[in-house]
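**Student:** Handing you a structure now.
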Amino acid sequence: MEKEGVCDTINLSDQMYPDEPFCSEMKTETIASSQKFEGGEGSKVVFSREAPLIGKDSAGTNSGECCGCSAKKLNFKGDDDLVEKENIEQQKKLNRQERIELGRLFQGAVTSLDWELAERLIQLADPQTLNDLLCVGLDSVWFLSTKPEFQGITGLIKKIICHGAHDFTRATLRTSFLASCVSACQSRTMSLSDTVTVMAQRLHERLQECNGDEILKAEAGAKVQKFTEWALKCIGFHSRCQGAKDRVSQNSAAEIELQLSAFKMFLDLAGNHLSGRDFTEAFDAACFPLTLFSNSFDPGWASGMSATVIQGLLGMLVEGGADNVNQCFLEASRFGSTELVRVLLQIAQRNSLDVDVDLALGFASHYCKIGTMKCLVEEGNAIAFLGPLMRAAERGCMQVVQWFVKRGCRDMELCLALTAATSSCQVEVAAYLLPRVPPPVLTALSIEILKAAGERSGGSLQGVEFLLKSDFLGDSTATYSVADSIARSSEDESVPSDLKSFLQEHWSESAFEKGMRESHDDFMNFMRVLKKGESAISLRDLPAPLRVAIAYMPLYRECMKADGRLLSQRLRGQLVEAVRQLQGCAVAVVEVSQTRNLMAVLEHHLTAIFD
C-alpha cells in the first residue's frame with residue numbers, strides 16, 4: 001500500500017481572518033478550483049473565504065415584513081423573485097467596516113439572547129451581510145441549552161432567510177465544521193488554549209504524511225489552521241458567555257435534541273437549494289476536525305454524549321445526499337481516528353451503506369494504527385488479513401505482524417508472510433514467523449518459497465540465505481537437498497538466474513565438493529611452505545598448535561561468523577576436509593548432521609595453543 005493511497009484535498013481561502021473571537025468574523029464557501037496533493041482515495045475538505053461581516057446602517061424596513069412571510073416563502077417553494085422584490089429597499093451596499101460592526105452587534109445580541117435587537121439588526125443588513133448573519137445564527141445552534149433559546153435562534157434564522165439570505169451552502173459547510181469541533185472539544189480535559197497547540201501539531205503531522213508540493217502543503221496547512229483556530233475561538237467565546245471560562249461543558253440529552261432540531265429546521269428551510277454535493281462537502285467538513293483531535297479523545301467517546309451531536313449531524317447530511325461516507329471512513333482509518341471510525345460504522349449501519357472495512361484495515365495497518373485495526377476487526381468485522389499482513393512483513397513492521405499473528409492467521413497466510421519478509425530481507429520478521437509456520441506446510445512449499453523469495457528479492461538474497469542457514473525445514477538433509485534441487489534446475493526458467501547462481505556457488509552438492517578441494521589445496525600450500533619455505537622464520541620451527549592456528553584460524557572464524565544452524569555447502573566442505581587433515585586423514589565423509597561435531601573438533605585443535 002502506497003503512502004499516497006489516501007490523501008485529502010484541502011481548499012481554503014486566501015482571506016486572513018481577524019483575531020477577535022467573534023464568530024461573525026469568518027465564513028466559508030466552496031471553491032471550484034482546488035489545490036490538490038498526490039492522493040487517491042481521500043476526501044476533500046473545502047473551506048474558503050469571503051470578507052468578514054457586518055455593518056450598521058440607519059436605513060431599515062418594516063419589522064413586520066419578515067414576521068409576515070408565509071410558510072411557502074420560508075420553504076422556498078414559491079417564486080424566488082418574491083423574496084427579492086420584498087427586499088428591494090435593503091439593497092444598499094454596506095462597506096466592509098459597516099458589515100464588521102453590524103456582525104459584532106448581531107453576535108452580541110444573539111449571545112445575550114436579545115432577540116428584539118437581533119431582529120432590528122437583520123433589517124439593517126444588505127444581501128451579502130444577510131448571508132453572513134445566517135452563518136452566525138446557524139453557528140449559534142450548537143450552543144443552545146433551553147427551549148426559549150431554541151425558539152429565539154430558529155426565529156432569527158427564519159427572519160434572516162425571509163429577508164433574502166440565500167447562501168445555504170456556505171452556512172451548512174461552516175456550521176458542520178464548527179459542530180464537529182464542539183463535539184471534539186467536549187471530550188477533552190485540557191483547556192481550549194492547549195487544544196490549539198495540539199491541533200497545530202497534529203495538522204503538521206498529517207500534512208507530512210501526504211505527498212505533494214511542500215509549498216502547497218504549507219499554504220494549505222496555514223489555511224486549515226487559521227480556520228480551526230477560528231472555530232476554537234468561537235467555541236471559547238460561547239463558553240465564556242455561558243460561564244464555562246476556558247472549557248467546554250458537556251451537553252445534556254435535552255440540549256442535544258434542541259440543537260439537532262434547530263439544524264434540521266434549517267435544512268428544511270433550505271430545501272432543494274442544497275445539492276447532494278453540498279451535503280457531501282459538509283459531511284467532509286464535519287469529519288475533518290475529528291481526525292485532528294483523534295489522539296486526544298477519551299476512550300469510548302463515540303458511544304458517549306459528546307458524540308451524539310456529530311452522529312445526528314452526519315446522519316442528517318447522509319439523508320440529504322452525502323455520498324462520501326466510505327471515503328471519510330478510509331481516511332479516518334488511515335489516520336488512526338478510531339472514535340470517528342466507530343461513528344462512521346454506526347452511520348453506515350443505520351443508513352444501510354457499504355463501507356470497505358477490509359480496505360480500511362489495510363490503510364490502518366500500513367500506518368501502524370493498532371487501535372483502529374482492533375476496532376475494524378472487532379466492530380467492523382474485517383477479515384482480510386493476508387494483504388495487510390504481507391505488506392507489514394515486507395516493510396518489516398514487527399508490531400503489525402505480531403498483532404495479526406496474535407489475532408489468528410491461517411497457515412497459508414503465515415507462509416506467504418514469511419515469503420514476503422524473506423524476499424524483502426526482513427530477517428527479524430522472518431525469524432519471528434518461521435517457527436509459527438507448520439513444518440508440513442514448509443516442506444510442501446519449500447521450493448516455491450525459495451523461488452518466490454529470490455524472484456522478488458530485488459538483487460539481495462539475504463533473506464534466502466537466512467532461511468537456509470536457519471535450517472527452515474528442520475531437517476538439515478532436506479534443507480540442503482532443496483537448495484541443491486533448485487541449483488540443478490537448469491531447464492526451469494521460473495528460477496531467477498541470480499538465485500540459481502547463488503545456490504550453485506554456496507549451497508549445492510558441487511559447492512560442497514568445491515569447498516573440500518579448496519581446503520585440500522590450502523593444506524597442501526601450507527605444507528609446501530612448512531617444508532620448503534625460505535623465510536628466516538621457519539614455520540617448521542613453531543610449536544604444532546601454533547602451526548594449526550596459522551593454518552585453520554581463518555576457516556574457524558568464517559564458520560563462527562556464519563549465523564544460523566547450517567553452514568553453506570561450500571563452507572561445510574572446507575570444514576570437513578580440514579578436520580580430515582587434522583585427524584590424519586582418518587575421518588570419513590560425514591553426514592550433514594555431524595557438521596557441528598566437526599566444529600568442535602576444529603575448536604579443540606585450535607584451543608590447544610592455550611594449554
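These residue numbers are counts, starting from 1, taken along the chain as shown.
Including glycine, each Cβ sits where the backbone N, Cα and C put it.
Since this is a predicted model, take the numbers as computed values, not measurements.
Below are the features listed in Swiss-Prot for this protein:
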type: REPEAT; residues: 292-322; note: repeat 'ANK 1'
type: REPEAT; residues: 323-353; note: repeat 'ANK 2'
type: REPEAT; residues: 356-384; note: repeat 'ANK 3'
type: REPEAT; residues: 385-414; note: repeat 'ANK 4'
type: REPEAT; residues: 416-442; note: repeat 'ANK 5'
type: REPEAT; residues: 445-478; note: repeat 'ANK 6'
**Student:** Could you give the number of helix, strand and coil residues in the repeat 'ANK 1' (292-322) as assigned by DSSP?
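**Tutor:** Computed counts for the repeat 'ANK 1' (292-322) are 24 helix, 0 strand, 7 coil.
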**Student:** Across the repeat 'ANK 3' (356-384), what are the DSSP residue counts per state (helix, strand, coil)?
**Tutor:** 19 helix, 0 strand, 10 coil
**Student:** List the helix, strand and coil residue totals of the repeat 'ANK 5' (416-442) as derived from DSSP.
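**Tutor:** Taking the repeat 'ANK 5' (416-442) as a whole: 22 helix, 0 strand, 5 coil.
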**Student:** Below 8 angstroms Cβ to Cβ, which residues of this chain, lying six or more residues outside the repeat 'ANK 3' (356-384), approach it?
**Tutor:** 1, 5-6, 41, 209, 326, 329-330, 332-338, 341-342, 345, 391-392, 397, 399-400, 403-404, 407
**Student:** What is the three-state DSSP composition of the repeat 'ANK 2' (323-353), stated as helix, strand and coil residue counts?
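**Tutor:** Its residues fall into 23 helix, 0 strand, 8 coil.
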**Student:** Report, as numbers and ranges, every residue of the chain located at least six residues beyond the repeat 'ANK 6' (445-478) whose Cβ falls under 8 Å of a Cβ in that stretch; write 'none' if there are none.
**Tutor:** 415, 418-427, 430-431, 434, 439, 485-486, 494-496, 498-499, 502, 507, 562-568, 591-593, 595
**Student:** Taking only the residues in the repeat 'ANK 6' (445-478), give me the average pLDDT of this model.
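**Tutor:** Mean pLDDT for the repeat 'ANK 6' (445-478): 90.
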